[in-house]
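A.B. asks: Not my notes, these are from TrEMBL:
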type: ACT_SITE; residues: CYS410; note: active site, nucleophile
type: ACT_SITE; residues: CYS410; note: active site
type: BINDING; residues: GLN285, TYR314, GLU335, ASP383; note: S-adenosyl-L-methionine binding site
type: DOMAIN; residues: 3-61; note: domain 'TRAM'
Amino acid sequence: MTNFNKNDIFEVDVIDLTHEGAGVVKIDGYPFFVENALPSERIKMRVLKTGKKFGFGKVDTYLTTSPHRVTDINLDYLRTGIADFGHLDYGEQLKFKRKQIVELLSKTARKADFPVAETIPSPDVTKYRNKASIPVRAVNGVLETGFFRKHSHALVPVEDFFIQQPEIDEVVVFARDLLRKCGLKAYNEVENTGFMRNIVVRRAHATGEIMVIFVTRKVAFFKVDNVLNALTTQFPAIKSIMQNVNTTTGNAIFGSDWQVLYGQDFITDVMLGHKYEISAPSFYQVNTKAAEILYTKAIEFADLQPSDIVIDAYSGIGTIGLSLAQQVAHVYGVEVVATAVENARRNAEVNAITNATYVTGKAETVMADWLSEGIKPDVIVVDPPRKGLDEAFIKSAVHVGARSIVYISCNAATFARDVVRFEELGYALEKVQPVDLFPQTHHVELVALLQRVK
Ligand code: SAH
């Protein structure tokens, strides 16, 4: 094996991309990961560090560049991971996302030739995010908003976040200037001092309504009235300003203490013709237009009948179940965040939907409860977080014998793992459709159909 020393330079070909967008280089079989290097590029690589199984390198010189390279990207977007695929043209991003799913199904589920559909593009490829969670820190003594450099907590000041709705960027920059003017202190996570930790902004795509959440280390908010007046005068679309107090020292953005500082504690958006109230702690897909495409595909895969009982598991504020409720007999939803369940119940009411029942709890537990209550779903829609489905959930879902499982996944690795279990227990994977909810980033989203084998 070659001996590598820091700062050694090698002339190498980039052969692949990791799922997080780093270029892959191999020297005598030993892999290096290189930021901002694309497949087919030949580079002079400088060794940064090496470990037992892999190392990290840096581009010293590009000898050739990929025809798919986007050259006018601000490199801070790569450094921070705001847009870790921003240097790759959009068509290639879509292909790469599909390829990842194909490879995971082949590796994990031994489905080498599964016909994964072409990735459906996002209607907007920049300026699409309806939510921003922006850290506030002091840089050289000045309060700044921006994003952390990857794998670190060094703040890179950013004003144009590229993939966020520009109205959100405007609110963040205005709030930053206001905090400076009012002499409010940025949070210092090393010393656990200071006040303002994060500014979180949500903007409803269809209505333009805005919610601002100030995440603070302490309750007492110096000059709060000045801040509220200035913000709401400048941005009449602000319907809600919240304060969340997070006294912990970990990485979680929100603490448990919420207060309304101004207006309501929710904003309203519209998806697929239904209105949704969204509260601060509730999950809501960040790319609304692309999520509408995702839900439409999920509903198509479900092939609903008017007599169907449908379970909407991991239901959030009810967006999937309520989108399909009018086509079926009854929808049962389950979600672990109580505020989101309150939103879902209210959203059923607001849309005059009377055949949807939402329960607070863990999907794996509530699924078993429903089973013992004799609820017999025909279709189960699941939309779990990255860790995928719990084994207990899969067992109950299989035991109840639903005709179809529609699986929405934001993590193709856990999806492939769960497909293996469903197939062992009598279901077959029929369709996989990637939908790009996160342009310019490495995140992959898909919807799949599993059917009971007769
Ligand atoms: N279907 C919704 C939400 C999907 S996000 C939508 O499309 O908007 C996943 C949701 O699962 C989140 O709301 C999260 O709070 C919830 N969740 C996480 N773990 C859970 C569990 N064990 N049981 C039920 N819900 C869970």
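Quick reminder: no glycine exception, Cβ is built from N, Cα and C everywhere.
Situate these features within the shown structure.
C.D. replies: In the three-state DSSP assignment, the secondary structure recorded for CYS410 (active site, nucleophile) is coil. For CYS410 (active site, nucleophile), the count of additional Cβ atoms within 10 Å of its Cβ stands at 18 [all protein chains shown].
Summarising the environment of ASP383 (S-adenosyl-L-methionine binding site), the number of other Cβ atoms within 10 Å of its Cβ, over all protein chains shown, is 25.
Across the domain 'TRAM' (3-61), mean pLDDT in this model comes to 96.
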A.B. asks: Out of GLN285, TYR314, GLU335, give me whichever of these binding-site residues has the highest number of other Cβ atoms within 10 Å.
C.D. replies: GLU335
A.B. asks: Listed recorded positions are GLN285, TYR314, CYS410; which sit with C-beta under 6 angstroms of ligand 1?
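C.D. replies: Checked recorded positions vs ligand 1; flagged GLN285, TYR314.
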A.B. asks: Between TYR314 (S-adenosyl-L-methionine binding site) and CYS410 (active site, nucleophile), what is the CA-CA distance rounded to a whole number of Å?
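C.D. replies: With the alpha carbons as reference points, the distance is 13 Å.
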A.B. asks: Can you list the residues of the same chain, besides GLN285, TYR314, GLU335, ASP383, whose Cβ falls within 8 Å of the S-adenosyl-L-methionine site's Cβ centroid?
C.D. replies: PHE283, ASP312, ALA313, SER315, GLY316, THR319, ILE320, PRO384, ILE408
A.B. asks: With H, G and I counted as helix, E and B as strand and the rest as coil, say where DSSP puts GLN285 (S-adenosyl-L-methionine binding site).
C.D. replies: coil
A.B. asks: For the domain 'TRAM' (3-61), what does DSSP give as the number of helix, strand and coil residues?
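C.D. replies: Helix, strand and coil residues of the domain 'TRAM' (3-61) number 0 helix, 33 strand, 26 coil.
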